[in-house]
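Enquirer: For reference, the structure I am asking about is given below.
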Amino acid sequence: MEETFFMIKPDGVRRGLIGKVLERIERRGFRIERLELRSSVSQTLIDQHYESLVEQPFYPAIRDFMMSGPLVVGILSGESAIASWRQMMGATRPEEALPGTIRGDFAQAAPLGQTIQNIVHGSDSVESAAREIALWFEKEH
Ligand SMILES: Nc1nc2c(ncn2[C@@H]2O[C@H](COP(=O)(O)OP(=O)(O)OP(=O)(O)O)[C@@H](O)[C@H]2O)c(=O)[nH]1
Ligand SMILES: [Mg+2]
């Protein structure tokens with residue numbers, strides 16, 4: 001059994017997709033270990049979450065987007081949960097995400113110069129899952 005951290009980003013919440021995303025998670029057979037709506041998150045928390053991207057030129061737009069509204073965070077468990085959830089999310093860029101994936105079914109390519117809005121997040125390795133679970137669920141905010 002493996003645990004992964006997942007998120008429904010502000011675009012997913014804004015568009016009323018919480019139920020549809022959770023329905024897919026349950027249908028696939030993951031166990032939802034934790035689930036919380038966070039109505040606002042600090043810049044520090046987002047910067048820590050995306051610590052590997054903070055230096056990128058496109059990062060400020062991502063930070064603004066992630067702080068633009070409520071988001072849902074949670075922990076899933078299951079066999080190969082990290083890779084399975086990434087598969088269900090689809091590719092980072094909506095125009096590359098296959099139909100059948102969450103991003104491929106619900107997200108559109110960002111207009112030129114605008115931040116990618118891709119509805120969901122999932123940890124990309126065992127190390128990042130442990131780091132993100134600790135960051136979002138085991139620290140004071
Ligand atoms: N503009 C721009 N944004 C990017 C680029 N690469 C990544 N991003 C944004 O940064 C976020 C994090 O990038 P990654 O961690 O590489 O992608 P990901 O794991 O599929 O997405 P997350 O679930 O958000 O972590 C993405 O969701 C995008 O919004 C890029 O080359 N250009
Ligand atoms: Mg990532």
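Each Cβ is built from the backbone N, Cα and C atoms, and glycine gets one as well.
No curator has checked TrEMBL annotations; they are predicted automatically.
What TrEMBL shows for this protein is this:
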- 1-140: domain 'Nucleoside diphosphate kinase-like' (DOMAIN)
- LYS9, PHE58, ARG86, THR92, ARG103, ASN118: ATP binding site (BINDING)
- HIS121: active site, pros-phosphohistidine intermediate (ACT_SITE)
Enquirer: Using DSSP, how many residues of the domain 'Nucleoside diphosphate kinase-like' (1-140) fall into helix, strand and coil, respectively?
Expert: 61 helix, 28 strand, 51 coil
Enquirer: Applying a 10 Å Cβ distance cut-off over all chains shown, what neighbour count does HIS121 (active site, pros-phosphohistidine intermediate) have?
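Expert: If we count other Cβ atoms within 10 Å of HIS121 (active site, pros-phosphohistidine intermediate), we arrive at 21.
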Enquirer: Please give me the CB contact count at 10 A for PHE58 (ATP binding site), counting all chains in the structure.
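Expert: Around the Cβ of PHE58 (ATP binding site), 11 other Cβ atoms lie within 10 Å.
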Enquirer: Between THR92, ASN118, which of the binding-site residues has its C-beta surrounded by the fewest other C-beta atoms within 10 Å?
Expert: THR92
Enquirer: When you look at LYS9, PHE58, ARG86, THR92, ARG103, ASN118, which the record names as binding ATP, what is the longest CA to CA distance in angstrom?
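Expert: With LYS9, PHE58, ARG86, THR92, ARG103, ASN118 as the binding residues for ATP, the largest Cα distance is 22 Å.
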Enquirer: Just to confirm my parser: what is the rounded mean pLDDT across the domain 'Nucleoside diphosphate kinase-like' (1-140)?
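Expert: The answer is 97, the mean pLDDT of the model over that range.
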Enquirer: Which recorded positions among LYS9, ARG86, ARG103, HIS121 have CB under 6 Å of ligand 1?
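Expert: Checking each Cβ against ligand 1, the ones under 6 Å are HIS121.
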Enquirer: Determine the Cβ neighbour count for LYS9 (ATP binding site): the number of other Cβ atoms within 10 Å of its Cβ.
Expert: 22
Enquirer: List which of the binding-site residues LYS9, PHE58, ARG86, THR92 have their Cα within 10 Å of the Cα of HIS121 (active site, pros-phosphohistidine intermediate), in sequence order.
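Expert: Those close enough are LYS9, ARG86, THR92.
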Enquirer: Specify the count of other C-beta atoms within 10 Å of the C-beta of ARG103 (ATP binding site).
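Expert: If we count other Cβ atoms within 10 Å of ARG103 (ATP binding site), we arrive at 23.
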